[in-house]
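*Asks:* What follows is a single structure, and I will ask about it in a moment.
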Amino acid sequence: MQRDYIDAGYSPKDTDLICEFHIEPSAGVNFEEAATHMAGESSIDSWTEIATLSPELAARLKPHVFYMDEDAQTVRVAYSEELFELGSVPQVLSAVAGNILSMKIVDNLRLQDIAFPKSMLREFKGPGFGLSGIRELTGVQDRPLIGTIVKPKVGLTSEKHAEVAYNSFAGGCDLVKDDENLTDQKFNKFEKRAELTLKLAEKAESETGERKMYLCNITAPTCKEMIRRMNILKDLGASYAMIDIVPAGWTALQTLREEADDAGLALHAHRCMHSAYTRNPRHGISMLVVAKLCRLIGLDQLHIGTVVGKMHGEKHEVLSLRDECVLDNVPADESQHVLAQDWGGLKPMFPVASGGLAPTMIPDLYTIFGRDVIMQFGGGIHAHPMGTKAGAAACRQALEASLEGVSLQEYAKNHRELEAAINKWLKK
């Protein structure tokens, strides 16, 4: 590679795709050299001079490293939209998060953020329901939603699974979902589970007067089977489908979104496996990028972390993810490696806080996230001393206390389910 793509005087065009990277050059490699190689490898260049790359082509398509901060190990690169297949997340990632992550010239390289131009945003559907659509679907306009995951993760029969879901709904949950590793195992077949659970969700609706949503996991070995499962849910009268976004893959997600409008289903995104490339702060891809791609493709709600639960994620990171889900215009934040993003009218996603939560954490969750969040509890409901139904009731009671500005201890004086939760989970 002979070209120099450092261009400090370049002002990105409205049609450029902008990426921010964290770069740590290998021993003996200077920062500018590493940035140049990274920019070239992610676009038009190779490891050596290539005769087939004409000066005219290079001038038109070359990347521009327009910002470098060696002390912060940060660079920003502007790429012409001509380099990308419009409407294709896999192709974008093959460029800006592909071979470059394996280059010897860097010890570590991380894609921190991508800012998409409006010309590229227009090629994507975005969420079909989005935050406001989910509120309309559930009939809940003025509070966080309460959800649960059927526990144990796997092992229950379809009948027992549906029973656990029913008790969760009856106790006050708005949403009940499968866990990420429950799909179509012998002990709990997809179609039977979906049919039984949706019937009991309907029963709970008639008993409580509230809408009850079952989020059945349609993750499958093939896109064809995934779509078949989605259509089964449609025929059964479901309102939702759930997908494991990273194991399923970006092509599967785009395929699912293309078919979701006809099915009329909201799409719940479980982010399991994301840490394989997001957790290392020096290498891979940030969770911020994953969240943006989910909104771009058109998932309706996404797990983003909790701050207070069992999953990794600092408060500033989780709040950056929240903002990327819900804001129409995301401001730049250099301290958090967030690029400005105008979402061009694509609907917001509903953020989901899930992982190691108990009812006693609801006041903190409400303080952190406000009203626009789905609070999702697993063991925090099913490990309640009085059972699943009481665990769900305790969550609703804790939420009611938070909405009214009353302490949990005060509210628990007249709510025995919450009192039992406090006795079990609240640290003395």
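Each Cβ is built from the backbone N, Cα and C atoms, and glycine gets one as well.
Pulled these from Swiss-Prot:
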- K151: active site, proton acceptor (ACT_SITE)
- H270: active site, proton acceptor (ACT_SITE)
- K153, R271, H303, S354, G355, G356, Q376, F377, G378, G379: substrate binding site (BINDING)
- K177, D179, E180: Mg(2+) binding site (BINDING)
- K177: N6-carboxylysine (MOD_RES)
- K310: site 'Transition state stabilizer' (SITE)
*Asks:* Would you mind ranking the binding-site residues D179, E180 by how many other Cβ atoms sit within 10 Å of each Cβ and giving me the lowest?
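*Replies:* Per-residue Cβ counts within 10 Å for the binding-site residues D179, E180 bottom out at D179.
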*Asks:* Give the maximum pairwise CA distance in Å, whole number, for the residues K153, R271, H303, S354, G355, G356, Q376, F377, G378, G379 listed as binding substrate.
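*Replies:* Roughly 19 Å, rounded to the nearest whole number.
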*Asks:* Work through the recorded positions one by one (K151, K153, H270, H303) and point out the residue whose CB has the fewest other CB atoms within 10 angstroms.
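*Replies:* Across K151, K153, H270, H303, these recorded positions, the one with fewest Cβ atoms within 10 Å is K153.
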*Asks:* Applying a 10 Å Cβ distance cut-off over all chains shown, what neighbour count does Q376 (substrate binding site) have?
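*Replies:* For Q376 (substrate binding site), the count of other Cβ atoms within 10 Å is 28.
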*Asks:* Does K177 (Mg(2+) binding site) have same-chain partners at least 6 apart in sequence with Cβ under 8 Å from its own Cβ, and which are they?
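*Replies:* Non-local contacts for K177 (Mg(2+) binding site): G147, T148, I149, V150, Y214, L215, C216, N217, M242, H268, H270, Q376.
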*Asks:* So of all those recorded positions, K151, H303, G355, which one's Cα sits nearest to D179 (Mg(2+) binding site)?
*Replies:* K151
*Asks:* Compile a sequence-ordered list of residues in the same chain as G378 (substrate binding site), six or more apart from it, whose Cβ lies below 8 A from its Cβ; state 'none' when nothing qualifies.
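*Replies:* Same-chain residues close to G378 (substrate binding site) (Cβ under 8 Å, separated by 6 or more) are T148, I149, K151, D179, S354, L357.
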*Asks:* Tell me the Cβ neighbour count for G355 (substrate binding site), meaning other Cβ atoms within 10 Å of its Cβ, over all protein chains shown.
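*Replies:* Taking all protein chains shown, G355 (substrate binding site) has 18 Cβ neighbours within 10 Å.
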*Asks:* At the level of the C-alpha atoms, what whole-angstrom distance separates G355 (substrate binding site) and E180 (Mg(2+) binding site)?
*Replies:* 12
*Asks:* Between E180 (Mg(2+) binding site) and H303 (substrate binding site), find the distance joining the two CA atoms and give it rounded to the nearest Å.
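*Replies:* So the Cα of H303 (substrate binding site) lies 12 Å away from that of E180 (Mg(2+) binding site).
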*Asks:* Would you list, in sequence order, the residues of this chain other than K177, D179, E180 that have their CB within 8 A of the centroid of the site's CB atoms, where the site is the one recorded for Mg(2+)?
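*Replies:* Other same-chain residues with Cβ inside the cutoff are I149, V150, K153, D178, N181, L182, N217, M242, H270, C272.
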